[in-house]
Structure formats: C-alpha cells, structure tokens
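These features come from Swiss-Prot:
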type    : residues               : note
BINDING : Cys331, His382, His507 : Zn(2+) binding site
DOMAIN  : 1-58                   : domain 'TGS'
REGION  : 239-530                : region 'Catalytic'
Amino acid sequence: MQVAGKELEVQQGALCGEVLKEALSKKQFKNVVVAKCGDTLLDLTTTVPADCTDLEPVMADSKEGLEVIRHSTAHLMAEAVKKLFPTAKVTIGPSIASGFYYDFDYERPFTPEDLEAIEAEMLRRVGANEEFTREVLSSADALKKFEEMGEDYKIELINDLGEETVSVYTNGEFADLCRGPHVARTGMLKAFKLLSVAGAYWRGDENRQQLQRIYGTAFPDPKALKKHLAQIEEAKKRDHRKLGTQLDLFSVNPEVGAGMTIWHPKGALIRAILEDFERKEHLKRGYQFVQGPLILKRELWEKSGHYDNYRENMYFTEIDEQSYGIKPMNCLSHMLVFKSRLRSYRDLPQRYFEHGVVHRHEKSGVLHGLLRVRTFTQDDAHLICRPDQLRDEIIGVAKFVGDVMGLFGFEYEAEVSTKPEKAIGSDEDWDRATEALEGALKEMGMEYSINEGDGAFYGPKIDIIIKDALERRWQCATIQCDFTLPERFDLSYVGEDGERHRPVMLHRVILGSIERFIGVLLEHTGGALPAWLSPVQAKILTVTDSQNEFAQKVLQFLREKGIRAEVDDRNEKLGYKVREAQLEKIPYMLVIGDKEVAAESVNVRARDGEDPGLKSLEEAAELISTAIDEPFKRGGMSYSFS
C-alpha cells in the first residue's frame, strides 16, 4: 500500500503509527499528530484498516492537525478541571476556529485564579506524558460507566445518539465520550493558553441549564502561540465596540433590545456612504432597484419553505387575526416582482437589488456588537436567469466581489458549501447547482475549497472569506444557487420556442450585513477608515481665537470642493486638539495660526504621520481629494458621494 507517498508492504494488524514511523524520518514523524486514510482521520494507535490503500500522515502544522491538537487540549483541560473541582460536571468540548472550549456545570463561577490553577495542572499532565487511549463500548456499558461517574450530560448524549456502540477516550484519570481522534500522548500539547470564561446553555437551549464555557487556544509550538496571543491583545485594542464609542459611531441600548443597533450621526454617515457607493456600482452592472415590505403573510413563508426550515430564527406577529412573518431574508418580494408580469427569454437575466432590513432571532449568548445582531441591513440581490446564463452570472458576481474587496484592501478566498442534511430540492438539482458554482470559479482561475454539508437548506453556495489585518477570516460575500424557490413560486419565462420554461435564481450579497461589514472594517483598520469613507475627512484646528474667522472661510472652501470638514476653534491648547483629532482617526488636520492666516494657507498634518507642511487652500484640497480618490483609481473605478 501507499504510505506517505512510498510503496510499503504492511502486515495485517499493524498500527498506523508504526507504519508511518517506518515511512518517515525521525524528525518528520515527531510532528505527526494522527493518520489519514481517504477522508477518515485515525489515531496512531489504531490498526490500519484492511481496506486502506493509501495512508497519509497528518502533521501538527496542518489545518486538520491543529484541530486535533486543540480538541485534545480541550480534553486535557477537562481532566485538570475534574482533578481540581471534582464536583464539576462535564458536557462537550470541541475545537473551534480560534482554539477550543469546554462547557462545565459547576456550582460557582470560575475565576481568573481558577484558570491559572487549571493551566498549571494541565502542564503537570503534559509533563507526565499521559497516553490517550480509545475504547469502544456498548451503549449499555457506556451508560453504566458514566452513571457511576455521575456525568448526567454524557448519559443524555449517549441516549440521544441511539447507537449500539460508542467510543470513549481516556487520558490520565479522565474519561470522555468522544469520536476522536486524538494525539497519542499529552506530551505533544505544550503550547496552550486558557483565555476566558463565558456563559453558555446546555445544547444552546436558553431553557436548559446554564453552564460555564472556558475558552482556550493551542498551537503546535510556543512561537505560533506567542504570535496568536499578541494578535489577541491587538484585537482588544481594535475592538469595534470600543472604537464605536471612541469615534461616536453607534451604541446598543438595553432599553431598545439586545442585538439592535442605534446609529449616531457619524456612524449613520458611514452607512450612507457605503450604501450610496453600492447603489451606484449596482447600476453600472445592470441591476434594478426594488423594495419589499418588512412583514409578509405567514402563508408566503410556508410556500417558500422558510417556515418549515427556518422559523426558529424568525419573528412573527398577528394583525387582524392574520399571522405575519417579519422577514429574515429579502428573496420573496423579489420573486413576486419577477412574477408580476410575463417575461420573455430576451428579458433575462433580471437582477434585483435592495438594501433590505431583516430580523433574525439570534440567541442572546452569541450577540456581539455589530458582528452578531438581530436586526441588520443586507445588500441583497437576486439574479433570475436562464440555465444557459447561470455560469456567466456567477462569474459577474464573483468579479463584482473582487472589485469591492480589492477597494478595501482585503485578501480573500472562496469556499463552495454543499448540500446539508436538512435540505429541500432533488439531488439532481443540487448537483447541477454545485457544478455551476464550481465551474464558474474554475473558469475564472480562482482557487477554492469545499465545505461539505454547509450549504443553505435551499441550495449550494460560494462563500467569499476575507482576511483582515490580524489574519482573522470573515465570511462576507455569498453567491447562492437556488433551483427550488423558482419552482415553489412557479416562476417562468417564454422561451424562443414559445413555451414556458423555468428560470434559475442566484441569491447574493457583496458586503453581506452592512453592520457586520462595518464592524469588521473598523477592526481591520483600527478605526482609521479610508479617507473616502471617513465621516470627517479634514479637521481645521485654530491656535487662538484670532484665526476663527479664517477657519470658517477654509471650512466653506473645503465643503465646496466636496470634502467633509469640521472646525475645532475651542479655547484649548493646539497639542490637545491635535491629540483629540488623532484619537478620532481624522485623515487630515489643517492647522491655522497667524502665519497661515497672513498667507491664506494651512499647515497640513496627515493621520499616517506624514507632514506635507504649509499648503495653499487649493493645494490642500487637491492633496485630500487625491487621497480620497486613490483607492478607486487603483481599482479602475470612480466614485463621489452625493
């Protein structure tokens, strides 16, 4: 069989670790976490499957290897918690994108001192180099085992699984219900850090037991961990909630409700500029503007399938004994626009666009500033086309996304998400849609990965993942294929043959949630938004009251040039005014003293530390305007806010 790219003769009953050790150098094998046969990950202590023809090592620095390390570290943490707090009950502890967590049921809150003690105990267990062992038990034996341990949550999980057998992993004195796989020994888990404690509900149900979730992170080596912890500290400084207050952009008031944003004047202006930019770009690309109501009759949501598949995330109200659903998506109104008149094949594609306000019931525990909210605005479009136009429409949207993300300086990558367990539509439709999405990306030469089972319930999708300045990944743009809703709403067009035909539809967003995108952009830039998007592009700072009259003249001049400017003529020291403007992330400060008044000029200071110095009003305006226009010229675009 093939082992790590080599042809080896493997004896029946050989262990994965033994076989890989023979195929690899000592240095290489030291970094092997688990083995892989096909799509299946295997413990190194597992016997090589009889039908395995290609065994590969999973290295510690790979994506899959990192997930295993983090999952194993979650078990290590649970072992330490049970040692120090024997009455704590364990629930679940998976790896996540940034690390891992484990949820515990314990009678008092865990403190920062507790986390330090848990970490110290984890390090002792690492030093002991305990083995991770896997045991397959009948469900009856597993129930007996966890009943003796008093682990009620594990008992519930076993009962819900309904399997004849389950696997249990043991490290040291700790046993856990788990599919695995895990590292061979705790000695491999040397680079970890416990980060915080948060509340959680058992199985995400707010009506069930409240638990304590300990978050942590782990890496293959201390250097990678140190880099990540430095990024966490930088992220705290860039937290968009902190910047939102500092820059006076938005607030979330408990009197209004959780997950609902109040936009202040400067924040509302940022939104208005973004939306204006998007409207103009959509017009250039042949989109038509539409707008639908906030609430629609429940029967429409039943017809679309949302009521059966999405109602737990929706809000409902009753008017005149008629049930209405507050829209979580904008697609239904757009389809009714298409259906409002007879369409010819010559009319297609139809591209409908709306900045639509939607409401979704997100659980309170996941709400987070602008990044996770209950009411938000989507830059939502639906492209209804002939099947032969589908690939070109996907390519057009993907290029649109690339232009916009390039404008903001984001690197991005694509993921194709395939059919989930809970889905509507035939396998044939899903296969056709998935092939169209992948084919478009291949035609563009865009690399992509497959995200199995993560499509929406009504169709596969392309997610565009952007990477910010802290190397965090965010999903913003989505291109989603849908053969199902045109069928449910009986959409049709008259073909060249004079017969009725069914169109196909793309759901798509570019920025996604406007709120979320602004939150991501604030953290990406640390609040120093590009000049074109800054609510105030220049601040005029006077040295004394004697310059106030000229400052107003400068203000009027800049505004006539289309530059958003303010005057700070308070009776404060210049240094104080400069520091405050820097905290407000103003792109340009224009200082006016007696010398500048006499020369009818300004002294320009840039946010990035450059000091252009004394400039005439025309020169200063030209300098600022060039900075505003530069990102658009770089991308072959043009824009002015109006």
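Glycine is treated like the rest: Cβ placed from N, Cα and C.
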Neighbourhood of the Zn(2+) site (Cys331, His382, His507): other residues with Cβ within 8 Å of the Cβ centroid, in order?
Met329, Asn330, His334, Met335, Asp380, Ala381, Gln480, Asp482, Leu485, Met505, Leu506, Arg508
State the mean pLDDT for the region 'Catalytic' (239-530).
93
Sort out for me which one of His382, His507 has the most neighbouring CB atoms within 10 A, since those are the binding-site residues we care about.
His382
DSSP helix/strand/coil residue counts for the domain 'TGS' (1-58):
13 helix, 20 strand, 25 coil
Listed in sequence order, the residues of the same chain lying six or more positions from Cys331 (Zn(2+) binding site) whose CB sits under 8 Å from its CB are Ser304, Asp380, His382, Asp482, Leu485, Met505, His507
